[in-house]
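To start, the structure under review is shown below, and the notes come after it.
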Amino acid sequence: NISTVSEFVLVGLSDAPEIRLPLFVLFLLIYLATMASNITLLVAIGTDSHLHSPMYFFLCNLSLLDILCPTITVPKMLGALLLENREISFFGCLFQHFSLIVVVGTEIFLLAVMAYDRYVAVCHPLRYLSIVSAKLCAQLAVGTWAAGLLNSLLHTSLVFTLSFCGPNKIQQYYCDIPPVLALSCSSTRSRELVVLAVAGVLGSSACVVTVVSYIYILLEILSRNSSGIWQKAFSTCGSHLTVVCLFYGTTICTYVRPSSTYSPHLDRVVSMLYGMLTPLLNPIIYSLRNKEVKRALKRVISRV
């Protein structure tokens, strides 16, 4: 299909001049804190030999995703707040959309892989390193990124091969699926169904792996019935479980629904929770719940 729209206009967060500068400062600080916390976590894991294990290898991948996610959307939002530069080219919007869906899809599969890793650690602790070997870790990491890439290629081709010949104002601060679909002058129903079906199948598959892993973990805990087992299991799985709930809650509210239920103002808030606060909270959650990570972070900070 041929599109007559050569650029889009991102509506942004606010049109009120008096609050644009405070919002710019607030979100710049959140972005810098997100970058600093995730980079520090990556450095801590990379420089501490005690953290060179499968769990922390996957955590490094999660931190990398948490760096990429806000970097894809936040700089453009900050530019719109400070310079009122809200235009984005058609291909710039396509690239932003493609990159974001890669990150979202990869994180969904990565959290499922991390749930399997926690299942092996709790249910088969003596065989943990032999089961979750370095080779398997590399294969799982490559698989999650490849699945995220293929998922994004499908979604982006479905959305950006539509015709855009009328309004070009995206009711969001970045190029996301629901607000872009709302601008198309083509019929979007069939493509919406495909997007929802693919997202449902892939998301539910990853969710099933996560849920089944934790069911087995729960059954293992109940079967042992020893003192301190609950505390040990929570210290092993609590951080991941918290991150899973945070991620799925915001992602489902953002993506898994038809465009007829789209509410621009509410969705900007929900998208901000996923796009900015979740990447900021993930390293904090893992740091607060893990003594080894806290010790490694103290060593890194003392060196700095």
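Residue 1 is the first one shown; counting continues down the chain.
Each residue, glycine too, has its Cβ placed from N, Cα and C.
Residues or ranges marked as domain 'G-protein coupled receptors family 1 profile' in TrEMBL: 37-286.
If one looks beyond the transmembrane segment (23-44) by at least 6 residues along the same chain, the residues whose Cβ comes under 8 Å of a Cβ in the stretch are 13-14, 51, 59-60, 63-64, 66-67, 70-71, 74, 77-78, 81-82, 276-277, 279-280, 282-284, 286-287, 293, 296-297, 299-301. Sequence annotations record features per position, and here TrEMBL assigns transmembrane segment to 23-44 (among others).
Per TrEMBL, the feature transmembrane segment maps to 56-74 (among others). Note on the transmembrane segment (56-74): residues 27, 31, 34-35, 38-39, 41-42, 45-46, 96, 99-100, 103-104, 106-107, 110-111, 113-114, 117, 137, 140-141, 144, 173-174, 243, 275-276, 278-280, 282-283, 286, 293 of its chain, located 6 or more positions outside it, place their CB under 8 angstroms from a CB of the stretch.
The transmembrane segment annotation in TrEMBL covers 94-116 (among others).
Under 8 Å from some Cβ of the transmembrane segment (128-150) lie the Cβ atoms of residues 53-54, 57-58, 61, 101-110, 113, 117, 120-121, 202, all in the same chain and six or more residues away from its ends. Under the heading transmembrane segment, TrEMBL lists 128-150 (among others).
What TrEMBL records for 193-219 (among others) is transmembrane segment.
Taken from TrEMBL, the feature transmembrane segment covers 240-257 (among others).
Residues or ranges marked as transmembrane segment by TrEMBL: 269-288 (among others).
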In terms of Cβ proximity under 8 Å, which residues at least six beyond the ends of the transmembrane segment (193-219) contact it?
-> 105, 108-109, 111-112, 115-116, 118-119, 122-123, 147, 151, 154-155, 158-159, 177, 233, 237, 241, 244, 248, 251, 255-256, 258
Averaging pLDDT over all residues of the domain 'G-protein coupled receptors family 1 profile' (37-286) gives 83
